[in-house]
Amino acid sequence: QDELYIPLVSKGFQHQFWQAVQAGAEQAAAEAGVRITFEGPDNETMVDRQIDMLAAALANNPAAIGFAALDSQAAIPLLRQAHEAGIPIVAFDSGVDSDIPVTTATTDNRAAAALAADKMAELIGGAGKVAVVAHDQTSRTGIDRRDGFLDQMAANYPDIEVVSVQYGQGDQLQSTEVAKAILIANPDLDGLFGTNEGSAIGVVNAVRELGSEGVTIIGYDSGKAQTDAIREGLMAGAITQNPVGIGYETVMAAVKATNGETLPAIIDTGFYYYDQSNIDDAEIQAVLYD
Amino acid sequence: MTKLVEMSGIEKRFPGVHALKNVQFDLHSGEVHALMGENGAGKSTLMKILSGVYTRDGGTVDIDGFDTPPDSPRAAQDMGIGIIHQELSLMNDLTAAQNVFIGREPRRSFGRLDENALNTQTAEIFASMKLDMDPRAQVGDQTIARQQLIEIAKALSYKPRVLIMDEPTAALNDVEIAELFEVIRRLKADGVGIIYISHKMDEIKRIADRVTVMRDGAWIDTLDAAQTPLAKIIELMVGREVKDEPPVIPDTSGAETALEVRGLRRGREIHDVSFSIKQGEILGFAGLMGAGRTEVARIIFGADPRDGGEILVHGQPCNIRSPYDAVGAGIGYLSEDRKHFGLALDMTVRANIAMAAMGKFTSKTGVLNEAAMKQTADGFIKQLGIRTPSDLQDVGLLSGGNQQKVVIAKWLLRDCDILIFDEPTRGIDVGAKSEIYRLLEDLAAQGRAIIVISSELPEVMRLSHRIAVMCEGRLTGILPGGADTTQEQIMELATRREAAPVGE
Amino acid sequence: MTSVTTQPAPSRASKILGALMHQRLLAFASLIVLLIVFSLASPNFMQTSNMIAILQATSVNGVLAIAATLVIITGGIDLSVGTMMTFCAVMAGVVLTKAGLPLPLGVVAAIGAGAFCGLCSGTFVAKLKIPPFIATLGMMLILKGLSLVISGTRPIYFNDTPGFDLISRGSLIGEVLPFLPIPNGVLILFIVAGAASYILSRTVLGRYCFALGSNEEAVRLSGVNTDRWKIAIYALSGAIVGIGGLLIASRLNSAQPALGLGYELEAIAAVVIGGTSLSGGRGTIIGTLIGALIMAVLTNGLRVLSVAQEWQTVVTGAIIILAVYADMMRRRKAN
Amino acid sequence: MTSVTTQPAPSRASKILGALMHQRLLAFASLIVLLIVFSLASPNFMQTSNMIAILQATSVNGVLAIAATLVIITGGIDLSVGTMMTFCAVMAGVVLTKAGLPLPLGVVAAIGAGAFCGLCSGTFVAKLKIPPFIATLGMMLILKGLSLVISGTRPIYFNDTPGFDLISRGSLIGEVLPFLPIPNGVLILFIVAGAASYILSRTVLGRYCFALGSNEEAVRLSGVNTDRWKIAIYALSGAIVGIGGLLIASRLNSAQPALGLGYELEAIAAVVIGGTSLSGGRGTIIGTLIGALIMAVLTNGLRVLSVAQEWQTVVTGAIIILAVYADMMRRRKAN
Ligand SMILES: Nc1ncnc2c1ncn2[C@@H]1O[C@H](COP(=O)(O)OP(=O)(O)OP(=O)(O)O)[C@@H](O)[C@H]1O
Ligand SMILES: Nc1ncnc2c1ncn2[C@@H]1O[C@H](COP(=O)(O)OP(=O)(O)OP(=O)(O)O)[C@@H](O)[C@H]1O
Ligand SMILES: O[C@@H]1[C@@H](O)[C@H](O)OC[C@H]1O
Ligand SMILES: [Mg+2]
Ligand SMILES: [Mg+2]
């Protein structure tokens with residue numbers, strides 16, 4: 001029992017994104033010689049299930065906890081309990097509205113989605129109709145990416161009209177059907193933004209199945225289907241975060257916290273826009289996963 | 001004597017069936033008015049109209065003291081009309097007492113139940129019927145006969161002015177029937193009017209004051225019971241004279257043994273039952289309610305597991321562990337409970353008849369030959385006089401007796417070497433009964449071994465070449481068939497509580 | 001089929017207790033086995049704090065499962081318990097946070113909203129003769145959507161309603177017995193269970209639950225207004241779901257409008273693991289409680305053991321099948 | 001209760017067609033009404049490309065619903081169709097991508113895996129007497145976990161199996177009739193529907209499906225080996241789920257191991273909307289197809305109209321209830 005135990009409670013575990021976070025975390029764990037576990041609920045609505053996971057994590061007397069809150073307020077009593085027990089909390093992915101976490105390793109999703117909007121505007125020539133296939137209506141990342149994109153469009157591109165925002169739960173098949181319906185309802189659509197891996201692939205599938213032409217697709221995250229689509233030219237480009245980095249930094253920060261080191265309030269793990277031109281750059285390759 | 005009920009010009013149609021045509025019926029207080037007719041004549045339908053289950057398509061119903069006829073079961077109850085339905089309609093998961101008082105539970109404040117009152121009051125009713133049953137007993141665990149008695153208790157608990165009994169004794173034994181008649185006499189004396197439906201002809205003479213005969217949905221005649229000979233009633237019902245001659249008992253001493261059972265045991269129900277039956281023989285099983293005849297049959301058929309004993313078919317030991325094994329060994333079993341164990345009620349007549357003999361209609365690739373199935377079904381419909389608009393009618397929509405005929409057809413078609421019939425004529429009219437007796441005799445004549453379990457002693461005596469009698473899970477004796485064996489001899493064995501050496 | 005397990009013994013408390021001991025002790029078996037196995041496997045499992053965490057994790061699902069039990073005993077099914085719970089939480093949020101009314105009114109709003117939703121489902125089933133599966137599937141979707149509409153697709157926080165979080169998180173017991181800090185949520189679960197059990201075994205409403213599930217037509221032919229009773233049962237079930245809504249809202253100190261989908265299956269699973277038959281007519285609240293506890297212990301135990309999450313799922317599936325199989329065997333033997 | 005709709009007409013093709021026309025035309029009513037309403041509401045709705053999109057959206061759910069129909073007619077339920085579909089897709093992935101075997105073996109692997117899973121569920125239900133709800137709930141979880149384990153929690157792509165995506169996306173019909181580019185996925189759906197319909201109405205297996213659902217004990221006491229038939233039906237249903245797995249894998253050109261949860265409810269909903277009774281004994285494949293189409297049209301139509309997501313859900317719930325209500329009315333009138 002000498003080995004430090006650091007459980008990570010995330011927002012999910014089946015998505016490739018979370019698998020990449022887990023991979024980064026495991027890498028750090030190996031380097032630092034600590035034991036980690038990685039867990040998350042089936043989908044991002046299950047706030048109370050995540051709380052149960054946090055409670056089970058606390059039961060195992062951890063040295064520190066990594067936590068990606070589905071709802072930051074809901075978890076506060078448990079976080080307080082951990083705090084009182086002297087267990088440091090490292091927030092990752094999205095922050096927690098509280099001063100309990102010693103640091104937060106995250107992507108600025110709003111800024112990232114705004115970048116996607118800029119790229120979209122550039123590619124369709126600053127005017128036209130676009131639509132969004134988002135992964136979730138209520139989760140933090142879903143809201144931030146949707147609003148980051150919409151706000152940027154509204155603020156800077158008056159000639160671009162966002163004709164529809166619909167949600168496919170990040171499920172590839174559902175997102176495909178959603179994107180198809182949008183394409184059919186808007187035959188003159190110029191661009192589609194998919195806010196995570198499943199949504200982006202759904203958009204690609206829809207365009208492929210309908211044989212639509214002249215639609216600029218911007219995605220989010222990576223994964224083989226998405227990188228393939230970019231190489232093929234079907235997808236113009238995508239935002240990628242640095243999930244491996246998020247996982248890695250989270251565990252490293254947790255280890256430091258147990259050693260009493262002070263940490264910066266935010267560890268920005270960054271995001272990148274990638275397309276055919278830079279997809280093979282080392283810097284980009286390092287943050288892609290498939 | 002007040003006139004409690006007056007129905008006239010009653011009409012009722014179902015899809016494809018004109019069930020009631022201009023029917024009339026009336027009932028006085030303090031009388032037992034028997035309603036007779038073949039299976040499917042419309043008796044139950046008429047009674048369902050009177051008790052608010054069905055709405056009539058035409059005609060008038062006058063209930064003494066009320067302006068309008070009942071339009072729901074509840075309304076009928078409020079008018080003092082109680083009914084014991086032909087098909088049991090109990091809640092199997094509830095206790096006897098809970099069933100009896102459903103809808104009228106003794107309550108305390110805030111909808112709380114007074115379970116004690118419920119049980120005591122039920123116990124009182126049971127006692128008045130001389131029925132020995134725990135009010136807390138689960139209904140689903142009871143035999144059909146005992147469920148029937150619970151239904152009767154339920155109807156009595158309403159203290160009705162008009163009591164409709166639709167084949168209350170179909171599942172009962174002589175002893176219980178006698179008790180029931182005692183209850184009926186008391187009710188009569190209290191001025192209750194009773195409508196009595198039964199296919200057991202002798203009962204009419206015993207309790208009916210008047211008899212109304214129906215045929216094909218029409219009223220035929222209303223007669224004084226005491227003054228009309230049974231033969232006349234039967235003729236009015238069937239439209240022809242029914243002759244039923246007891247057969248000559250064949251000599252099967254030289255025949256091969258078809259089935260032998262040795263030392264059959266199961267839990268506390270069945271103890272050391274041994275008997276054998278030869279090809280061409282009809283072995284009747286008599287006994288009081290709960291004697292264990294059904295249980296023996298179910299064990300032989302593999303429907304229930306056995307704790308001990310051997311079953312030999314044609315001299316070969318046979319390890320029967322499921323009905324599938326039994327049928328494979330050439331044993332068929334017609335259950336006493338057609339609704340639960342005999343029929344798929346929402347399937348067609350055709351599908352039900354073919355159910356046990358599907359192999360006959362299946363090609364190598366598993367495709368069904370519907371044409372052949374239809375032909376077969378039509379054949380049985382004709383032979384057994386099953387009253388149905390077509391072989392594609394759902395069995396659940398047939399009258400009770402006609403449903404029973406479908407089950408019989410199913411087993412006739414399967415053509416087993418050894419056939420066990422448990423209450424085969426339950427709810428079957430006189431005319432069809434003699435047809436079924438004839439069929440059973442034909443089967444025996446073809447060399448099949450037939451076991452008939454029946455609560456009707458005359459039926460057992462009429463059919464059996466030998467009569468096995470059971471009491472409390474033991475086989476207490478086997479008597480020869482024919483005119484020499486008396487009811488008293490059978491009853492003596494049926495009540496012999498100690499195991500006696502089996503004389504064979 | 002055993003009769004004894006399905007209908008609670010009808011007489012005095014001692015008798016009930018005796019019967020429980022006798023019949024349910026063995027049904028507890030799977031639960032006990034799980035507890036022992038996990039205790040042996042991890043020293044951290046059998047801590048007071050973890051036991052309390054398990055109980056608390058049971059509270060919401062347990063309350064929903066109790067609500068579902070009532071409907072299932074009538075032979076119906078309720079797919080809407082999950083999203084109805086959320087809807088009730090949102091209604092409490094509207095009353096307390098948006099309208100700023102006092103706490104008791106929020107409680108009334110949640111329970112009332114549940115009762116009303118149940119009334120609607122019940123009416124669809126009883127009067128319009130829509131199969132319960134469809135009626136409650138429709139309700140599930142309608143309520144899911146309405147929760148989002150009413151809340152404006154964002155959580156409603158109860159920060160301005162002091163004491164709201166104590167409904168589930170406070171500990172009345174802990175104030176009296178400091179060594180037993182059982183949260184109120186758990187207390188409420190047991191109170192609801194006790195009340196539901198009482199209603200099922202001792203009142204007319206309970207009687208008709210079983211009767212309807214056993215043979216609805218027979219009940220109708222006995223002159224009972226089956227429609228009215230059925231609607232009442234669905235409404236009661238809805239009110240209990242409303243309590244579940246309060247519990248989850250209090251636990252999360254917010255009404256999360258997107259939550260709830262998938263909770264119905266878990267609730268129904270607890271009911272069926274607890275021995276209630278989906279074809280109606282038989283069932284007990286205590287069984288449902290045990291079913292909910294089995295699920296919570298399983299989930300928590302596998303987590304405490306740090307079993308990889310994909311294997312957690314496999315093991316949970318296998319153990320659910322095994323637990324029910326063991327229960328079937330026990331009952332068959334008992335006969 | 002009507003008898004006519006439940007048991008497929010047993011004689012010649014023309015008769016069947018006649019009966020279909022007669023009985024089902026009206027059941028189509030809700031579907032037709034929906035189509036008309038959406039066409040009027042949006043000019044983009046009634047395009048060939050959108051009709052094909054709707055059909056394609058029906059294909060996976062339709063196939064799963066057909067599989068579920070068989071089990072539901074026996075009086076069972078199958079909660080595992082969604083994750084079993086995924087499991088079959090993963091098995092195809094293992095055979096084709098990881099082992100690099102030729103395409104037909106991948107097809108066999110998916111269908112075989114489904115049949116095997118069905119066989120397991122069927123055995124749990126028939127031999128171990130575990131209620132179908134629990135047996136298939138357990139299978140649902142087991143298969144969900146196993147899909148993740150086997151795939152290593154990552155999608156398996158079929159890029160190295162040329163032609164795999166054509167299973168669902170290619171169009172054999174389109175090659176012959178260029179103006180009718182109906183994707184193979186839809187063709188497969190209709191072939192599966194035709195085959196299942198034939199099996200149900202014309203073969204012993206189908207007959208026992210209905211018989212088991214109608215009165216299993218009576219069938220057993222007719223000397224039928226009910227266990228064996230039940231297992232066979234679950235296995236057949238599983239094999240059909242395997243086809244569903246192929247369809248979705250081909251459409252996504254990958255096996256997504258995390259997909260599948262929630263698909264079971266949608267499939268069962270299609271079955272029940274299509275008039276199959278959850279208590280068994282009655283049901284038709286054509287009804288299920290219509291049910292699946294109603295759901296797909298509804299979803300697609302509301303999306304084409306760009307109705308806000310939360311209202312989409314509300315409207316879907318309400319229309320499901322309404323459609324079934326209309327169908328109940330029609331049937332009651334028909335009697
Ligand atoms: N709900 C129904 N739908 C269609 N046909 C029906 C229905 N109920 C009864 N019938 C038909 O009406 C006729 C009369 O049936 P009824 O049950 O009244 O006969 P019964 O005289 O009681 O016969 P039994 O002696 O066999 O009980 C029968 O042909 C029966 O098939
Ligand atoms: N009066 C009773 N009291 C208790 N148990 C009974 C009674 N009657 C039947 N049983 C139950 O049924 C078992 C045997 O009944 P079974 O149905 O085999 O008898 P049966 O001779 O066919 O009589 P029945 O005329 O009722 O069909 C008994 O061992 C018992 O379990
Ligand atoms: O895929 C999503 C990922 O991109 C985001 O960062 O977190 C939520 C996930 O669903
Ligand atoms: Mg009758
Ligand atoms: Mg008997």
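Cβ coordinates are placed from backbone N, Cα and C, and glycine is handled just like the others.
TrEMBL does not curate its annotations; it predicts them automatically.
Here the structure is a predicted model, which means the values were calculated and not measured.
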Transmembrane segment range according to TrEMBL, out of D:285-305, D:306-326: D:285-305
Range annotated as transmembrane segment in TrEMBL, from D:8-32, D:133-157: D:133-157
Close approaches to the transmembrane segment (D:231-252) from elsewhere in its chain (Cβ under 8 angstroms; 6 or more beyond its ends): 56, 59-60, 63-64, 66-68, 70-71, 74, 76, 78, 81, 84-89, 91-93, 106-107, 110-119, 121-123, 125-127, 158, 164-169, 185, 188-189, 192, 196, 199, 205, 208-209, 212, 259
Sequence-remote partners of the transmembrane segment (D:103-126) [C-beta within less than 8 Å, at least six residues beyond its ends]: 76, 78, 80, 84-85, 87-89, 91-96, 132, 135-136, 138-139, 143, 161, 163-164, 167, 226-228, 230-243, 245-246, 249
Close approaches to the transmembrane segment (D:177-200) from elsewhere in its chain (Cβ under 8 angstroms; 6 or more beyond its ends): 8, 52, 55-56, 58-60, 62-63, 66, 69-70, 73, 166-171, 206, 209-210, 236, 240, 243, 247, 250-251, 284-286, 288-289
